Amino acid sequence: MKGCAANALSDFFFEYETPRQVLVRNKRVGVVCRLIQLGVLAYIIGWVFIYEKGYQSTDTAVSSVFTKVKGVGYTNMSGVERVWDPSDYVFPPQGDSSLVVMTNYIVTEGQTMGKCPELPGKYSCKSDADCKGRTYQRTGDGKLTGVCVKDTGTCELLAWCPLENDRNIPNPPLLMSAENFTLFIRNSVRFPLFGVTRSNLVEEINKDYLKNCLFDPVKSPLCPIFKLGDIVRLSGFTFDMMSKEGGSIAIVIDWTCNFDHNVKNCKPTYEFHGLYGNPKETDTSKASVGYNFRYGKYYMENGEEKRTLMKVFGIRLNVIVQSMGRKFDIIPTLTAIGSGVGIFGVATVVCDLVLLYVLPRRDFYKNMKFKYTDTAAQDPDLETESTKTTD
């Protein structure tokens, strides 16, 4: 018993098994095998290593965005002149990554809480009975009092009076000068895995450069100061049409960096995408176009609360940061190589299928590939008993 155990351990530690190989001289099978192996090799080198960079580890950045708009606008409405600065036309004023620059507006001044008739076309009536039974409506401007105003043929409301009339949007837009406003973007990113921090104010940018530069995709691709008109144009819009009713644009800052090279080569690129308000769209039946919102300026006059209501049409700018940092790492490299070596087995499987099931001499190849044995012939005891029986 001990001898059997010792032999088993000896065989386990001091013997090596290798699969039997058959060399098949067949041109078609040989060509198929080499073509498959060549395809696998091209996939590993071209796709995994060159295109997907499978030899590198990856990391996405943590980012922060700060914005600042500069420029002065001028309007003259019914002889009333006004100058607009960033505190008047930028919302919100804190310099967020998402902001609105006003380009057009409708103002309703001196509103007070009181009773006044609804605008023509809403809550039409001929008598007080037509105004009763209804108090609120989602699209209305206030609460119905149940009184029909004969002069206008509409129901009376309890609301901020006079009511806003936004049916006629100013055209041309009142703040066409917004086309020359400038947007400054400061963006910082950090790749935690690699311990690298970068800013879009790269080494080539200094104070003197910032005083004179304006972004241009060819001449000044690193300048972080953008003219609003250029942003609209580069996103595929026209400023004349977008400034009337507003719209939305995404400014994408892309950080795709290879830290196997000098960190100074890690620089941002800027892209501009129109999200809605595109004048090229032919669908004129859309329920809502452009971008607008309302806000009120409240004040007291002679002990009475009043407000100035502003309906603002503007260009919403969304600064979006996307990033991908890469650096050589031995672990993904070995993983990619191991996966590629495993894929080489596909060639063997395909060629075996062709040999054993497709070629005319498949039976011959089966006999060459597989060695068949008789179990009874391998057992000495069975062979001895068979001999005695024969005798």
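Using the three backbone atoms N, Cα and C, a Cβ is placed for every residue, glycine included.
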Worksheet item: For Cys161, which disulfide partner does TrEMBL record out of Cys116, Cys213, Cys223, Cys257?
Response: Cys116
Practice prompt. From the candidates Cys148, Cys213, select the one that TrEMBL records as forming a disulfide bond with Cys125.
Written response: Cys148
Practice prompt. Among Cys223, Cys257, find the residue that TrEMBL gives as the disulfide bond partner of Cys266.
Written response: Cys257
Discussion item. In whole Å, how far does the CA atom of Asn180 (N-linked glycosylation site) lie from that of Asn292 (ATP binding site)?
Written reply: 21
Worksheet item: Any residues 6+ beyond the ends of the transmembrane segment (29-50) with a Cβ under 8 Å from its own?
Response: 336-337, 339-340, 343-344, 346-348, 350-351, 354-355, 359
Fill in: When distances run from the Cα of Cys161 (disulfide bond) to each of the binding-site residues Lys68, Lys70, Asn292, Phe293, the nearest one
Phe293
Item to complete: List the Cα distance (Å, whole number) between Asn292 (ATP binding site) and Cys131 (disulfide bond).
Response: 31
Worksheet item: List, in sequence order, the same-chain residues at least six positions removed whose CB sits under 8 Å from that of Lys70 (ATP binding site)?
Response: Pro86, Phe181, Thr182, Phe184
Worksheet item: How many other Cβ atoms sit within 10 Å of the Cβ of Lys68 (ATP binding site)?
Response: 14
Practice prompt. Would you find the one among the binding-site residues Arg294, Lys311 whose Cβ has the most company, meaning other Cβ atoms within 10 Å?
Written response: Lys311
